[in-house]
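As given in TrEMBL:
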- 496-510: compositional bias 'Basic and acidic residues' (COMPBIAS)
- 511-521: compositional bias 'Polar residues' (COMPBIAS)
- 28-481: domain 'Major facilitator superfamily (MFS) profile' (DOMAIN)
- 496-521: region 'Disordered' (REGION)
- 24-46: transmembrane segment (TRANSMEM)
- 66-83: transmembrane segment (TRANSMEM)
- 95-117: transmembrane segment (TRANSMEM)
- 123-143: transmembrane segment (TRANSMEM)
- 155-175: transmembrane segment (TRANSMEM)
- 181-204: transmembrane segment (TRANSMEM)
- 287-308: transmembrane segment (TRANSMEM)
- 328-347: transmembrane segment (TRANSMEM)
- 354-377: transmembrane segment (TRANSMEM)
- 389-412: transmembrane segment (TRANSMEM)
- 459-477: transmembrane segment (TRANSMEM)
Amino acid sequence: MSKDASDDVPAAEAPAKRAPLNKYALACAVLASMNSILLGYDISVMSGAQKFMKEDLNITDGKVEILAGIINIFSLVGSLAAGRTSDLIGRRYTMVLAAVIFFAGALIMGLAPSYAIVMLGRFVAGVGVGYALMIAPVYTAEVAPTSARGLLTSFPEVFINTGVLLGYVSNFAFYRLPLNIGWRVMFLVGTVPPVFLAVGVLAMPESPRWLVMQGRIGDARRVLEKTSDSPAEAEERLADIKNAVGIPEGISDDDEVIAIVHKSRGTHGEGVWRDLLLRPTPAVRRILIACLGLQFFQQASGIDSVVLYSPRVFDKAGLHSDSNSIGASVAVGASKTLFILVATFLLDRVGRRPLLLTSAGGMVISLVTLASALHMIDHRQEGQATPLVGLSIAMVLAFVASFSIGMGPIAWVYSSEIFPLRLRAQGCALGTAMNRVVSGAVSMSFISLYKAITFAGSFYLYAGIATAGWVFMFFFLPETRGRSLEDTIKLFGGDERDANGTVGREDAHGQNKSTELTTQQ
C-alpha cells in the first residue's frame, strides 16, 4: 500500500464531543443485522446436533464433516447473487428474500428423514445465509451516519454471535430428548427468527444510496434526514452520494434528467464486474485485495473449527460427558457474544487497525498455547493432565474472545466501507464469497486434519495463518475511522473517477459520459 496515497488525505480524528447516537439509524441497523442470527445459529446448532445425527442417520465422520461445512459452500450461491439482486430490487427486499429462503431450509432440515434430505435443507439454508451475510453490513453501512458507522456496521457480527449462543443453548436444552427427535427440534427452532425478521424488515426504509442510484433523490433525502446527526450532515451525505454516483451538479431534484443521467451510468449494476475484475483501476485493485485478504484470514485462522467442533476439542482436553462438553460450548458462545459487545463500542473510538492487530495477536497467542496444552495432554496419562484441561478450556475461550474484539466484526465493517458506491454490492459479494469458501474448506477438513496431524498440529497451523494475517493487516489496511463512505477511496490512492467508475469508461470509450451529459445541460 503506497504511503503517498494516505498522505494526500487529512488524518481523521474522532470528534471531541460525540454526537448522540441516532436512534432511527440504530433501529434500522438492529433490524437489518438480525438476519445474521441465522448463520450463527446454524453453525453452533450443528456443533451439538452432529453427534446425534451421526447415530440416528448412521453416517460416518466423513459425512458429518461434509454436512457441517457444506452450508458455507452452498452460501456462495446466495452471496454472489445477492450483489446483483440488491442492485435490482433494493437492499430491503433482498433481506426479506434471505429470511424466506432460510426459513425453508431450516424447515427441510428439521423434518428430514434421511441424509440426502438434510443435505437439501443445508443447500437451501446456505443460499439464505449467503444473502444475509452480504446484504446486512452493506445496508447498515449505507444508512449509518459517519460518527457511528463502525458501531452500527458491527451489528451483523453481534447478531452472528447471538445466534451462536442461541444455537449452543438449543443444543443444551434438547440433547436429552429421544435420539430421533432432539436434533430435529434443534433445527426446527431455527424457523422462528426468519418469520419475525421478514416482517420487521418491511418497516425499514430503503438504503439512501440505492435510492439515489435509482434517481429517487427526494426519497433519499428523507431517509438521510432521519438517519443523520444533523440536517447539514444529511445534505452533505446526499451531495457526496450524488457525486459518487455521477449526477452532475446544478440539476434539481425534480429534473427528470436525473433518471436519464443515472440510467446511462447503470443503476442496476451494469458493468460492475468488468470494473471490479477485468479492468480495475489501481485503487480498486488494492481495495479488492484488502477485502479478499481480510475475509480470507478471518476464516483461515480456524474460528469455525472451534465453533463447530468445540465438543470434540473439549472431549480431547478431558471433558468426556455430553453435559460437560456441551455446557463448555455454551461458555464459548457466551464469551464470543460478550466480547463482540466490547468491539462495537471501541470501533469508532479506537479505530479499525488497532482492534484488528490486537485481535490477531491475541488469536496467535491463544492458539499456540492451546496447541501446546493439547500436545502435552497427548503425552500424559489422563489423570496427570487435569491442570492442562483447564488451560485448554481457557485458551479456547481466549481465542474466541480475541476473534470477537476485532477480526470477527471488522472484516465485515471494513469490507462494506471501502468500496466505491457503484461497486459496493458486488465487491462485498466477492468478499462474502471468499469468506464462505474458506470457511467451508476449514470446517469440512478439520476432522480429517486433526486425524492426520493431531489436534495440536491443527491449532499450530491455524496460529501460523493468523500470524500471516497480522502481517497482512499491518502493511496493507489503512485506517478508515471517521471517513465518509465516499472518501475512503482516497486512502487507496483513488479519486472521484475511481469512485464513480469514469476511469474505466474513459479507457474503453475515449470519453467521459458524465461530463458530456453535464455539458448538454
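Any Cβ shown, glycine's included, is placed from N, Cα and C.
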Discussion item. Before we move on, state whether the transmembrane segment (328-347) and the transmembrane segment (389-412) share at least 3 Cβ pairs under 8 Å, counting only pairs 6 or more apart in sequence.
Written reply: yes
Practice prompt. Using a Cβ cut-off of under 8 Å, list the residues of the same chain at least 6 residues beyond the transmembrane segment (287-308) that approach it.
Written response: 43-44, 46-47, 68-69, 72, 164, 276, 280, 332, 336, 360, 363, 367, 396, 399-400, 403, 407-408, 410-411, 414-415, 418-419, 427-428, 430-432, 434-435, 438-439, 442-443, 446, 458-459, 461-462, 465-466, 468-469, 472-473, 476-477, 489, 492, 494
Discussion item. Counting only residues 6 or more past its boundaries, what in the same chain has a CB within less than 8 Å of a CB in the transmembrane segment (155-175)?
Written reply: 29-30, 32-49, 52, 133, 136-137, 140, 182-183, 185-186, 189, 307, 322-323, 326-327, 329-330, 332-334, 336-337, 340-341, 343-344, 404, 408-409, 412
Discussion item. Contact between the transmembrane segment (66-83) and the transmembrane segment (123-143) is defined here as three or more C-beta pairs under 8 Å separated by at least 6 residues; is that satisfied?
Written reply: yes
